[in-house]
Amino acid sequence: ALSMFGTTVGLYGIPWCKKSLLLTVLMSVIGASMGILDTGGNVLALNTWGAEAGPHMQALHFSFAVGAFVAPILAKMALGGSESKDLPLAEKANQSVPRPVPTASAASAASALKHHLGADFLWSYVVIGTYLLFVSFFFFILYSKGSSARDKSKASLQKCMFAKHHYALIFLLFIFFFCYVGAEVTYGSYLFTYAKVFAEMKENEAAALNSVFWGAFAACRGVAIFCAACLYPGTMILLSITGSAISSLCLAFFARYPALLWVGTAMYGASLATIFPSGISWIEQYTVVQGKSASLFVIGAALGEMCVPAVVGYLQGRFHHVPVVMYTALVTSAMTVLLFPLMYKLANSAGESDLKEMGESEDRKALLSNSGLHEDEE
């Protein structure tokens, strides 16, 4: 509730910003609020549904994918009409006189266009902010009606359920999400440029290829909601990392063939879709995921989102003729393929030892309770 309210404040304030410092502060508020929402949403889903959180976790991240896919399309539809109506006027005004000479008609057309586009942007911020404000109110109502005593008792029961290698698993999953999210954001960010520069596609074809990637990503997350009801999270992760490894291998060495580029991009987007929600559901089977652990997952994902695209952009600028984007996808896929079996082995060895300790402790409790009953009878 607080994170959505903070996002609402930032969205309401941004259209009225005239200073870059204030804009930076408001954008930072939105970024921090979204980080809190990522962490709190995952923990809330786990606390609400527990062992049955798989489909709900997939649905939560499916909503992220749908928003990321639909929002740019809606924004382009909202602004495309105004651009098509007003831009020809400005072009005609500029064509009627020599370009170096400013004219009143050109200036008025440009200011009218700027005012019209500014109004569209203003209303888009206000509408989205109002929607988030209503959602935050609903969460405040749910919080006020919730039972804090029940949550405290549940938390006290979960304190003794940590795995033996809890911190090692959290650290390995941190690196796992760093590689995965870094690869996802890097490929989605640089695919358009790669298609134009290396594949020599037209602009509309490159945009369509980018849409194929995010469309397959969102569609596969939607399908995963139903798959999570009948498949274990570990099985879904194994299928995903195998698919990403095969598709990234094809993209790294055979992307010069247009058909393989289209098929590999769709397969790569579909393979990446279920890894993050399945990873959180998978680790919940072996140890307790509380706020601190979930925040580490989100921090790892955010660091991958920041660092990997920056490094790829720097390397691509230095090595113009090398498809760094595709090689990065291959390297990160190889990292996830190596990390998951290690985490699986560590989690299962910890689970076996914990089960033995739990059985011994239950035997002790039974013996103690039986001896206490005999003493009471005497």
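Glycine is treated like the rest: Cβ placed from N, Cα and C.
Positions annotated as transmembrane segment by TrEMBL: 20-47 (among others).
The annotation transmembrane segment is assigned in TrEMBL to 59-79 (among others).
Residues of the same chain lying 6 or more positions beyond the ends of the transmembrane segment (122-144) and with a Cβ under 8 Å from any Cβ of it are 1-2, 4-5, 7-8, 11-12, 14-15, 75, 78. For 122-144 (among others), the entry in TrEMBL reads transmembrane segment.
Sequence annotations record features per position, and here TrEMBL assigns transmembrane segment to 165-192 (among others). Long-range neighbours of the transmembrane segment (165-192) within the same chain, counting only residues 6 or more positions beyond its ends whose Cβ lies under 8 Å from a Cβ of the stretch, are 206-207, 209-210, 213-214, 217, 244, 248, 265, 268, 272, 275-276, 279, 283, 286-287, 293, 296-297, 299-305, 307-309, 312-313, 316, 325, 328-329, 332-333, 335-336, 339-340, 342-343, 346-347, 349-350.
For 237-255 (among others), the entry in TrEMBL reads transmembrane segment.
Annotated transmembrane segment per TrEMBL: 261-282 (among others), in sequence order.
The transmembrane segment annotation in TrEMBL covers 294-312 (among others). Long-range contacts of the transmembrane segment (294-312) within the same chain: residues 35, 38-39, 42-43, 46, 170, 173-183, 185-186, 189-190, 276, 279-280, 324-325, 328, 332, each at least 6 residues beyond the stretch ends and with a Cβ under 8 Å from a Cβ of the stretch.
According to TrEMBL, the transmembrane segment annotation covers 324-344 (among others).
Look at TrEMBL and you will find 355-378 tagged as region 'Disordered'.
Summarising the annotation, TrEMBL assigns compositional bias 'Basic and acidic residues' to 355-366.
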